[in-house]
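Here Swiss-Prot flags Lys65 as SUMO2 cross-link. Annotation source Swiss-Prot lists domain 'bZIP' at 72-135, citing sequence analysis. Taken from Swiss-Prot, the feature phosphothreonine applies to Thr148, supported by similarity to another entry. The region 'Disordered' annotation in Swiss-Prot covers 1-20, 59-89. Sequence annotations record features per position, and here Swiss-Prot assigns region 'Basic motif' to 74-96 based on sequence analysis. Residues or ranges marked as region 'Leucine-zipper' by Swiss-Prot: 100-128.
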Amino acid sequence: MMPGQIPDPSVTAGSLPGLGPLTGLPSSALTTEELKYADIRNIGAMIAPLHFLEVKLGKRPQPVKSELDEEEERRKRRREKNKVAAARCRNKKKERTEFLQRESERLELMNAELKTQIEELKLERQQLILMLNRHRPTCIVRTDSVRTPESEGNPLLEQLDKK
């Protein structure tokens, strides 16, 4: 029968090979009402041969107690290992965070000290320039051989230019 075709009412249970539960029915013609309930009526006939095999339908076979205990023990060990690994990971992360915090504080302190040192050096430079400018009018050294701080460039660049 093709999909979408209407079944022929004259079909008998015996004429259809392998209809599952209907195979135990007599091969006489069945009405549509009988066909509806044939599965339900013959379920007992289907289960009866399986009964001697001690097959329980709808239930899984229960594992042996020792298998359950072993499985439970494995789960406990796995959970315990996972718990220890998670604690180790949290501790490592905490230590790393603390290290980075200390390093950040150290670098901020160093940065502040360097900025202070820069300000002190700028102030010292200003004082030296002021002293030099005060001394210049009374200086007996030739002025064309002395450079003024304002006309000074970068001494490293000047040395490179000479080469």
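Every residue, even glycine, has its Cβ placed from backbone N, Cα and C.
Of all Cβ atoms in the protein chains displayed, 8 besides its own lie within 10 Å of the Cβ of Lys65 (SUMO2 cross-link). For the region 'Leucine-zipper' (100-128), the mean pLDDT of the prediction comes to 98.
Using DSSP to sort the residues of the region 'Basic motif' (74-96) gives these counts of helix, strand and coil: 23 helix, 0 strand, 0 coil.
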